[in-house]
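Marked as transmembrane segment by TrEMBL: A:12-33, A:64-81, A:93-115, A:127-148, A:155-178, A:198-225, A:246-276, A:288-308, A:315-336.
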Amino acid sequence: MQQHPAYKTPFLVLTLVLILCFIINISLGSVLIPLKSIFGIVTGQVPENTSWEFIVINYRLPKALTAIIVGSGLGISGLLMQTLFKNPLAGPFVLGITSGASLGVAIAIMGASFFGGVMAGVLISKWSIVIAASLGSFLVLLTVLIVSNKVRDTMALLIIGLMFGSITAAIISVLTYFSTAEELQQFVFWRFGSLGNLSWQELVIFSIIYCIGLLLSLASIKALNTLLLGDNYAKSLGLNLKKTRLTIIIATSLLAGTITAFAGPIAFIGLAIPHITRQIFTTSNHKILLPAVFLLGSIIMLICDTIAQLPGLEYFLPINAITCLVGAPVVIWLLVRKRKMVF
Amino acid sequence: MAEHNEHIILKTENLSVGYKTKKDQVCVAKNINIQLEKGQLIGLVGANGIGKSTLLKTLTKNIPALNGSIFIENKNLNKCSNLELSKLLSVVLTEPLVAKNLSVFELITLGRQPYTNWIGNLTEQDLKTVNHAIQIINIEELKHKKCFELSDGQLQKVMIARALAQDTSLIILDEPTTHLDMYHKAYILKLLQKLATTTNKTILFSSHEIDLAIQLCDKMIVMNTNEINFDSPCNLIEQGVFNTLFPDDLITFDEITGSFKVKK
């Protein structure tokens, strides 16, 4: 597969758009800070207003970086899943990653009343939600992996993932039924998703795991291209199917699992970004798709976050709603305009 | 004897093929002893459900052999890794293509995967092989088309070009003529014959086009319920192997024209 020179321009444009979106994202917010001061703060000059510096360094900058990690990570894991399952409907969450994370968080928040008053305080801290989400998605994924070793068909694996999703959803509704209004509210807030709650320390851990997932995805590029021919052809080309499948699933769960743990179950991005990318780049070559998904995922997430924080106002909207409101019409428009689905 | 061995690309010794289930094993065919030589075109024929696909799947290491052994270029199939095997044997399967959005050129370059580096970059040599394959099959005008734009016949040619680009001494095709019209059936098989002679590759295919296979193949493998015959088409006709291929209530084999006739 050749690197086509025709793709250089869109890559250049997207990179510029990403930088632009990043700047717009950190310069807008509930407090108006002039663009000049923002540049000054980011480049490390002495700021004229320390509260501005605090807002930019400790709130807006980590939030923008989180948006990039979340958008690109979910997009890439969506791409991996769609190729692995040869199914345009697959997303990072088909393996039960979100449902597992939701179950973990639901038990941590709403199960508190079951575990008694002493535990309640411990269970609802920030880190406990992250740990519960990671643990939940890891456990569900582990179960899916064990089952996947017994089935040879990737399509069966897809359905098994969806079934696990249904089971966890059912358990969550039972928990919801028995929980207090306060617990329920906290759980609903987690479900809205949030990019802005991360400290630098958390961001470091977040990005390390993200980078491991990203490296595994990069290492799978050749295998992903081979998988385009179908499992049997891939095997005849010397591909170790079991190893490839495992690598891709681990990469996805690292990416989508940590993102869900830190930022909540962010819908839509994972499914839609690969489709938007394919419409723009009209290729199936992962050497082009993967970096393109990275750029587009980051851009769209930054735009969604900019809209969600309602510049100049004190309110902010749940990011999960915005991703769908902004993203879904884009995908519909692209499909209608081109009249053809590229997969 | 040693010199003779060099010409043998595929050899089976007392091979039994079939399926293993948890409780027992279903043997589809046994005592298969065939030797395919360099530059030969070999047709595999037999009635539906007789085990042609099972045999091909066993030869391509998709399912394990029940008994006996398979040697490709004097290497035991069981001791070959997937990657080693991919440099000895390429396949054209019946399964539909998943990603129809691939361009013809991209699809054919995927045949170079066993040779490329970790990210799949093509060297000059790879591109040369790919372009050579495109040239042999004569599909230059399709090069930049997407796979969903191709007809069944064109797609089959592209898949054969992909197998050629894999640069193996043995190519195995599973029913390459299904879904094709009469002209393209003959065209594809004639193309395979030309490939076998010009590139000196060994080409084994399964097909239901028995009359075409009789005319074009160097050797044929005929699978009957009780035995497997492996010989040149003329000898097989003389032995009357084709007469027992199907139940004789509807069609009979005409030895003079080498084709089947419907009973009047």
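Positions of Cβ are set from backbone N, Cα and C atoms, glycine also.
These figures come from a predicted structure and were not determined experimentally.
Across A:12-33, A:64-81, A:93-115, A:246-276, A:288-308, stretch A:246-276 shows the highest tally of CB pairs under 8 A with the transmembrane segment (A:315-336).
In summary, the transmembrane segment (A:12-33) lies against the transmembrane segment (A:288-308): three or more C-beta pairs, each 6 or more positions apart in sequence, are under 8 Å. Same-chain neighbours of the transmembrane segment (A:246-276): 66, 69-71, 73-82, 84, 88-93, 95, 97-98, 101-102, 129-131, 133-134, 137-138, 141, 145, 148, 190-195, 198, 202, 206, 209-210, 212-214, 216-217, 219-220, 223-224, 289, 293, 296-297, 300-301, 319-320, 323-324, 327-328, 330-331, 334-335, 341, counting only residues six or more beyond its ends whose CB sits under 8 Å from a CB of the stretch.
Among residues of the same chain six or more beyond the transmembrane segment (A:288-308), those with a C-beta under 8 A of the stretch's C-beta atoms are 3-4, 7, 10-11, 14-15, 17-18, 21-22, 24-25, 28, 63-64, 67-68, 70-76, 78-79, 195, 217-218, 221, 269, 273-274, 276-278, 280-281, 316-319, 322-323, 326-327.
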